[in-house]
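Below is one structure; the comments refer to it alone.
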């Protein structure tokens with residue numbers, strides 16, 4: 001495996017195992033600096049979202065930087081996501097807005113960011129209908145070639161089964177929180193059953209896992225950083241990761257995942273930390 005290693009999606013498209021998460025990258029200068037460092041370090045995927053408010057800056061940075069790195073639009077994989085405020089009847093406007101903001105011709109992967117709807121309580125019975133309407137919109141844009149692959153984020157096993165029963169185009173990706181304290185066995189099993197790529201976010205547990213004694217000991221033994229160990233734990237299982245940073249040195253460091261292997265003992269030791277702990281959103285209450 002190398003930084004250019006990828007996984008095959010059920011659409012036939014390849015998605016890199018390593019991508020740069022852009023949550024909390026704000027402003028044209030910060031986005032430009034991070035994208036430049038990432039391209040230099042071998043990243044070929046970038047993960048944005050309507051709610052990150054950086055789609056336009058990301059698009060501009062890529063258009064300027066790709067030629068400087070000897071790359072074209074086709075060499076990179078861009079993900080963005082439909083905001084919860086656009087769930088349902090506003091989904092078309094939301095998705096078209098993402099396409100216009102990025103201004104890169106098409107989006108490689110577009111996800112429904114959250115199973116709920118902004119402004120509705122999580123138990124509101126309108127949520128399933130809104131999800132279905134959003135999905136139908138994404139299917140339409142996928143069929144037009146504007147969204148090369150479509151998927152979901154933060155869905156539970158129940159949300160996934162509901163979607164699989166009604167969709168015309170199955171989701172290519174499920175992006176969820178995943179790290180040693182949240183191994184997501186049921187969701188991974190559902191994804192395997194439906195041939196959906198399971199992708200991780202928050203691999204470092206919002207930074208808290210880098211100080212876990214088990215993680216630091218494994219890192220010390222293999223002469224790697226705790227962050228590299230946590231990211232390697234995922235990619236060694238074939239799970240794509242999206243480490244986020246605005247620090248060029250950290251961006252480069254996080255890409256060095258493919259020149260070492262964790263032993264089975266180390267993998268098991270990290271997986272044994274699983275306790276179902278979520279550091280981010282909890283979608284389990286969403287109707």
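Our numbering is plain: 1 for the first residue shown, then up by one each step along the chain.
Positions of Cβ are set from backbone N, Cα and C atoms, glycine also.
Look at TrEMBL and you will find 52 tagged as active site, proton donor. As annotated by TrEMBL, substrate binding site applies to 113. As annotated by TrEMBL, domain 'NADP-dependent oxidoreductase' applies to 18-273. Per TrEMBL, site 'Lowers pKa of active site Tyr' is recorded for 81.
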Can you give me the Cα-Cα distance between the residue listed as 'active site, proton donor' and the residue listed as 'substrate binding site' in Å, rounded to a whole number? 11
Cα-Cα distance linking the residue listed as 'substrate binding site' and residue 81 (site 'Lowers pKa of active site Tyr'), given in Å to the nearest integer: 5
Cβ distance under 8 Å to the residue listed as 'substrate binding site', same chain, sequence separation 6 or more: which residues? 49, 50, 51, 81, 82, 83, 84, 153, 154
Give me the count of other Cβ atoms within 10 A of the Cβ belonging to residue 52 (active site, proton donor). 21
Inside 10 Å of the Cβ of residue 81 (site 'Lowers pKa of active site Tyr'), count up the other Cβ atoms and send me the figure. 27
